[in-house]
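In TrEMBL this protein carries:
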BINDING   8, 9, 10, 11, 12, 13  NADP(+) binding site
DOMAIN    59-137  domain 'Pyrroline-5-carboxylate reductase catalytic N-terminal'
BINDING   94  NADPH binding site
DOMAIN    202-306  domain 'Pyrroline-5-carboxylate reductase dimerisation'
């Protein structure tokens with residue numbers, strides 16, 4: 001029998017997490033399939049739901065604030081079949097849900113976190129449990145000040161592509177405890193079911209926010225620009241967008257799966273006197289490389305200001 005997983009404030013990302021974990025549990029590993037991710041993200045190899053593995057959930061609870069939201073979630077999870085229909089969606093019963101849970105994912109709006117965690121009885125309910133916060137701008141120092149000392153607090157930062165199980169989640173290093181090894185397995189099984197997962201020190205979270213959190217927006221600017229260029233040269237809009245999107249996806253997979261360095265891929269495409277080197281020089285003239293790098297820098301600096309008291 002696995003543990004009970006509770007998502008407090010189950011919105012879009014909470015839905016993605018529960019759906020990803022359930023889908024992973026319900027699918028069997030095809031040993032003939034080329035691994036989608038490398039060995040440090042074992043969620044793609046998650047055993048089936050009847051496994052006794054204590055790092056896998058067997059009961060799911062999601063809390064919301066409105067009855068309409070609960071109905072939508074029940075419908076969404078029901079479409080998953082199997083375990084999906086067993087997800088308990090409750091309205092306004094955060095305390096009861098936490099009392100019954102072993103692992104809690106805090107997925108509410110950041111400004112609601114203190115009120116939820118300060119609810120009467122919540123301290124006792126959280127004692128000795130693993131609390132995973134996916135709230136932007138709320139630090140571990142803040143969270144530990146709102147929960148009992150025995151609560152193991154971790155921050156996780158999934159990005160938008162987690163909605164289609166192609167995300168990147170960064171998780172803060174685990175606090176030292178007897179349960180650290182099990183907690184690590186639990187976290188990996190959760191977040192690798194919706195993409196890739198990495199552990200980093202919390203001090204790196206601002207840069208990760210800029211790179212993987214804001215990154216999809218930056219990538220889409222580049223994607224859109226490539227498609228626009230294709231349209232400029234006579235391609236239909238739909239086909240230009242498809243070509244650009246698949247090209248970026250293919251290049252990214254060569255880096256992730258084959259371990260190729262981006263420069264190596266670039267050089268393999270670039271022939272002497274060819275069209276690729278001509279295009280690359282035009283991009284260098286436009287300072288594309290430095291502009292993208294500076295965008296990450298500026299976004300990181302802005303991320304460091306989020307969650308801090310407003311300047312008067």
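Keep in mind that glycine also has a Cβ here, set from the backbone N, Cα and C atoms.
Here the structure is a predicted model, which means the values were calculated and not measured.
Non-local neighbourhood of residue 9 (NADP(+) binding site): 63, 64, 65, 106, 107, 108, 109, 112, 116, each in the same chain, at least six residues away, with C-beta under 8 Å from its C-beta. Taking 8, 10, 11, 12 as the binding-site residues under consideration, the smallest Cα distance to the residue listed as 'NADPH binding site' is found for 8.
Counting every protein chain shown, 23 other Cβ atoms lie within 10 Å of the Cβ of the residue listed as 'NADPH binding site'.
Least packed by the Cβ count within 10 Å, out of the binding-site residues 8, 10, 13, is 13. Ranked by how many other Cβ atoms sit within 10 Å of their Cβ, the binding-site residues 11, 12 place 12 at the bottom. Apart from the site residues 8, 9, 10, 11, 12, 13, the chain places the Cβ of 7, 14, 15, 62, 107, 108 no farther than 8 Å from the centroid of the site's Cβ atoms, the recorded NADP(+) location. In the domain 'Pyrroline-5-carboxylate reductase catalytic N-terminal' (59-137), helix, strand and coil residues by DSSP number 37 helix, 18 strand, 24 coil. Residue counts for the domain 'Pyrroline-5-carboxylate reductase dimerisation' (202-306) under DSSP (helix as H, G, I; strand as E, B; rest coil) come to 87 helix, 0 strand, 18 coil.
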